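These features come from TrEMBL:
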type	residues	note
BINDING	GLU57, GLU82, ASP109, ASP132	S-adenosyl-L-methionine binding site
BINDING	LYS136, ASP168, THR203, LYS204, TYR205, GLU206	substrate binding site
Amino acid sequence: MTSGWGVKTYAPRQGRITKGQRRALDALKPLYAVDLTGGRRPVASLFPRPFDRYVLEIGFGMGDATVALAERFPGTGFLGVEIHSPGVGKVLREIHTKGLDNLRVVQADAFHLFEQLLLPDSFDGVHIFFPDPWPKRKHHKRRMIQSPFLDILHPFMKEGAYLYITTDWEEYASQILQVCSSHPAFVNEYGGFAPRQVWRPVTKYERKGAREHHPIWEVFVFKRTSSSG
């Protein structure tokens, strides 16, 4: 994500794309991916039918959690954004083979969604699972979860909508907690790190980390409502 403050928050890695993922991109992107052209529009218009709730996932990687949630919650529309082609191709193929009409993807820098596509008050929830930690101190400015990012994000969330962020990088976790808990648009009802939400799928990446004894830190905050001050 190229932030609103002009800093690229994703690493320029592409990774190996398989023939199947390439075929999915070529054949299925016109069917299940959202085009940023055409101006701002209601999130419901991005799906083939209306849903009770809409959730945005920023940086879905290979899409394991994204697909699992779409299968588990068929009454929720999930919009996933990812810049790298292997994950986008994989998720497009899953949408097609599993008939997931409640999952659509955007292959773009996430900031472009806020800049070109979305209307305010669109989402009931936002997921950012394992954002790039940019561990070197000189790269900390590239971390996504900073106050200017929340300034950009929160207008597109409904009042009372949740923001759910996970990381396995302890120092970044502390930064995320501080930024989210102190931002005036959000309230942290847990008062600190949150427990793992039971509905969040455990990904292959996370299972690998668990085998290596990497703890996961979770931040779960809500957008303030007019009644909460």
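Placement of Cβ uses the backbone N, Cα and C atoms for every residue, glycine included.
Everything TrEMBL records as a feature, shown here on the structure.
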residue : record                               : Cβ contacts under 8 Å, 6 or more apart
GLU57   : S-adenosyl-L-methionine binding site : ALA65, THR66, PHE78, LEU79, GLY80, VAL81, VAL126, HIS127, ILE128, PHE129
GLU82   : S-adenosyl-L-methionine binding site : GLY59, PHE60, GLY61, GLY63, VAL88, VAL91, VAL105, VAL106, GLN107
LYS136  : substrate binding site               : none
ASP168  : substrate binding site               : PHE130, GLU206, GLY209, HIS214, PRO215, ILE216, TRP217
THR203  : substrate binding site               : GLY61, ASP64, ALA65, PHE129
LYS204  : substrate binding site               : MET62, ASP64
TYR205  : substrate binding site               : GLY61, ASP64, PHE130
Worksheet, complete the sentence: A correct count of other C-beta atoms within 10 Å of the C-beta of ASP109 (S-adenosyl-L-methionine binding site) gives 17
Response to the item:
Across every protein chain in view, the count of C-beta atoms other than its own within 10 A of the C-beta of GLU206 (substrate binding site) is 20
Worksheet item: Can you tell me the three-state DSSP label for TYR205 (substrate binding site)?
Response: helix
Practice prompt. Count the other Cβ atoms sitting within 10 Å of the Cβ of ASP132 (S-adenosyl-L-methionine binding site), across every protein chain shown.
Written response: 18
